[in-house]
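Quick look at what TrEMBL lists:
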type	residues	note
REPEAT	A:9-50	repeat 'WD'
REPEAT	A:53-87	repeat 'WD'
REPEAT	A:99-131	repeat 'WD'
REPEAT	A:207-242	repeat 'WD'
REGION	A:299-319	region 'Disordered'
Amino acid sequence: MVSVVNTVDTSHEDMIHDAQMDYYGTRLATCSSDRSVKIFDIKNGSQILAADLRGHEGPVWQVAWAHPMFGNVLASCSYDRKVIIWKEEGGTWDRLYEYDGHDSSVNSVSWASHEFGLLLACGSSDGSISVLSCLGDGTWEPHKISNAHTIGCNAVSWAPAVIPGTLMDAPSGPKSTPVKRFVSGGCDNLIKIWREEDGQWAEEKKMEAHSDWVRDVAWAPSIGLPSGTIASCSQDGRVFIWTCDDPAGGSWTPKLLHKFGDVVWHVSWSITGNILAVSGGDNKVSLWKESTDGQWKCVSDVNKGQGISSGPDETRPEQ
Amino acid sequence: MKLKEIERTAHQAWSPAAHHPIYLAAGTSAQQLDATFSTNAALEIFELDLSDPGFDMKLQGSIKTANRYHKLLWSSHGLGSGGPGTLIGGGDGGLIVLYDAARILAGDVEAELGQSVRHTGPVRALDINPFQNNLLASGANDSEIYIWDLNNFATPMTPGAQSQPLEDVGCVAWNCQVQHILASATPSGKAVVWDLRKNEPIIKVSDHTNRMRCSGIAWHPDVATQMVLASEDDRMPVIQMWDLRFATSPLRVFENHSRGILTIAWSRADPELLLSCAKDNRILCWNPNTGEVLYELPTSTQWCFDIQWCPRNPALISAASFDGLLSIYSVMGGSLSAQSQRQVDMISSSFGNFDPFGTGQPLPPLQLTQPHVPAATVLPLKKPPRWIRRPVGASFAVSYCLHGTQTFKMCGSLPGGLVQSHYVYVSQVVTEPHLLSRSAELQAAGHTGHLREFCHAKVQASIDPLEKDIWSFLQVNLEPDPRSKFLKLIGYNPDELAQKRPWLHVVVTISAIELSISSYSFADVDGLIGQALLVGDFEAAVELCLGDGRYADAIILAVAGGADLLERTQERYFDKSSGIGGTFCIIKVSELQDEQALSLSFLVDALGSRLEMEDGGRLCAQACLCYICAGNVDKLASCWDGTHQCSDSLALQVGMYPAVGIFGTNLTCRLVICLKIRLSFNNVATGNCTHLRNGDTREQPYWIGLHLLHSCQTSKNNIFSHRILAYFFSISFSFSSSTPPPMMFILLQPAQVQPPEKIEKRPIPEEHASLRIAFDGLVQRCLIAASDPQTKRKLDDANKRLEFLYDKLREHSVSALSLVSRDFKTRNVNVGIYFKNIISCLRAKMPSHLELL
């Protein structure tokens, strides 16, 4: 079921922290503790190093591709407290913008849906979240949310621009503007949903289920179903699926996907939002899918870096 | 960055790592007095609530105790039974006392589990074995070291003979890797390592300078043979790192403090972080593997005498200082500006009526000098701590699943023993290969035009009789003369029917006459109409309809029966009803003239509806067959949906896909399918069905989108094509995006060649043209009159709605064959309602321009 189609030798000299494909699935951006960001062209099964971006002075934690309608734009965040937005122009990559408004490690960057323009959320260990928006004239305006998560924000993820339930609405109904929302998770074990109102960011919802640091949050892509879905994972080994059937976004209910025996670092939704990839501290990636009766089932267990597929792991240690 | 603060002069102990939420216990320090000169002692438990931005910590439990403490520990002993564990305090006079943390939290004064005064002098050295949480090591004066079993606290054992000369034991520490190894250190600078299995000291570590006065000892969390010793001596304020494999001189000496070191603490979460606090008021964080100072905590102007890492939250440390504060810091840095102001406010207010000595007079107003804030920003550790070094995980990309590499840990004993792998793996995930192959098969059949053969093959391969039926019916649909073959399939022989016809005609006519004369309520008029239509006797059918008062049906059937019959029926209709509503039917009839294939569809469709209604849905499968015959995909979908709701996630696809593929030439059908799919998405939300969410990574929306797009292109209906694109590519692909991904590009290419905007819209059918003129004029006039932007926006919206309505009208002008007349009528009625709505909407929005309407 899972097969390795490409093995990319990144030649990073230290631990790799993130790897993201671009919109077309033909370019791969990686970042590492060796302070570099690398971009590979992986067309036709081969890999060519397209760029080696140097500029960070600390380990680079995450990279994020912007929508291609803005050109080839990549954001990276680092322990050096900086966020750098890179842009390819005429085959060469340059810094488009550098943001140094954080007082501590910037752990996560996430681009909003392209409908909102170039809009980047950054979560930092200083407890704050910055929302950087590109104004039309090429300047950038940061909005800072102070004290978003005490002792640190670990992850940010935007809500899709599709309004929940639009798939069911009458096609002639008046078009309402999607609300800008994102979810964040932090060292205070909390998950928070933020919403923009009159240009200001306000905490819309505070959600508590994890008993340790929230390591990652991921808002599922939407095709306009009436419910919103968020996945969260934590140091405590638990992965929760949060759903909200209320179009106003008021009530979210958590459902425990699984309790893993080790820290869960990363959750990622498939493009259509129906498969969740869970990456744990035990070097394993498992794929989860919702069955017809609403239960989440493990459909595949993959040791990182191996294409071997296996059935659901029934003997996974419960704690 | 300081997070919390408690005003206590106390030793502290964090709750064990396994315990949630995080508590901090504080036991009043011995040999320290505050300005109140109070000699009370207490053991208190505070909860750390990071969601509260304030500096205060909530007191969760407290007991008054007889003794003050030199050392406090929180063991996870007893944690397994659900309690928060055991608190262990070391006091003056050789006292070791155990408390049940659960009872303190419950407010129970009798929280003490046991105590012993076996030691001599103050008990300053205490440590819990990291492997067996019931093993407690303690040290006091006269070289006394005891090992206690918390399960049997009465009699301790000794690790060996007391070392000579007799000295105070200042600190003890269990090895982090080997559970029977214990180290102790004395103020004279000697450290002894004990092996509890041999019951003797195995090595003595001592610096030749003889200046070390050990105030702290700590084992390396990962390397079994390494430990550090801290010196309290102001002349030698150093930390020595020893490796027992080379125990003649220290491996490294860390020099940065200017006065004696009071305590050290080694992080369990990251062995490259070692805290030390000294009499120079500084708290430093070292990398013990390099000796580099990674961090200096912004502290008060007082010594810290106790410092601890939080076992559960690796970024937190607690520090107790002699100025009576217990503070919790984060080593992750952060901004102090907001907090320092809060601190000033808090201090000013708390000193407002402060009268500590009970003199009856408040102290003179305190001239609070603005506390010196070293810098608004506290930099984080120079080196990222291990706990935020997240390994790369798997992230999904377009039609790929991306698997990252991971650093592999080597045996766990090398310092920083991480070996990096620099590969990233790109993997593909296919979740439903079965469905994928099926859809490919059908698509191939559709492209090559071999749908009939495809159906035939399916009939051959089917085991389930229902499935077989469905495929046979679908196949017949593709045959040259479907009607007669359908009849054959149903079990009628057209020849026999023809023979029966005269006889049947008589029966039917008689019944009809009976009906019309006596208004005799015949139970099965529908059946008779059906039979009449089946044999092609429209006249009888019309008769029956008229008899039953179904004028609309009668007229529609008469259309199929020829001009003559129609005329006669109309006449009779006007005879029977002088109503106004009838005119509507007559007008409609003119539109239906071309729908010659109506009768069979109508008949079978009606039969299907009846089957569906009857027997509580038991005959739904048969109803589905009827709908297939009638080509009524709309009803087929809803019926299919109803029967297969919970049974099979693929059911809708199995049922619908052939239908889409075969009836797919008709745009309306496809739009109906689209609607059905939307309905089934609705079911997803309620948990009943996840038809389409359970697809593979090449998701169904794509191929549905492909089909719909295809139809839209052929019909040149840009409104729908836009909407459908919006539905199915809204995930991340957009029609407006400058460069769609390759797969999408193929799909979109034809659309780009023929941009929908340039397609000329059909003229509105004549009968509706006047409406358009009226509405457009109305909106124009309103626009001229409207002054404020809000109204203009609303008018814009109204314009869009009207445009949509016109499109509907256009669509009707090419009315689909498969749409049965009833649906058609309803739709027209809806259009009427829509008009009314728009007018009322306009009225409501613009009362000032009402006269224009």
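Glycine residues also receive a Cβ, built from the backbone N, Cα and C atoms like all the rest.
Listed as Cβ neighbours of the repeat 'WD' (A:53-87) (distance under 8 Å, sequence separation of 6 or more from its ends, same chain) are residues 14-15, 17-24, 27, 29-39, 93-100, 102-111, 113-114, 118, 120, 122, 124, 126, 130, 132, 140. Sequence-distant contacts of the repeat 'WD' (A:207-242), counting only residues of its own chain at least 6 positions beyond either end whose CB sits under 8 Å from a CB of the stretch, comprise 154-160, 162-168, 182-187, 189-193, 249, 252-269, 271-273, 276, 278, 280, 288, 296, 319.
Across the repeat 'WD' (A:53-87), DSSP helix (H, G, I), strand (E, B) and coil residues number 3 helix, 19 strand, 13 coil. Look at the repeat 'WD' (A:9-50): DSSP puts its residues at 3 helix, 22 strand, 17 coil. If one looks beyond the repeat 'WD' (A:99-131) by at least 6 residues along the same chain, the residues whose Cβ comes under 8 Å of a Cβ in the stretch are 58, 61-67, 69-70, 73, 75-79, 81-85, 140, 142-158, 160-161, 178, 180, 182, 184, 186-187, 194, 201.
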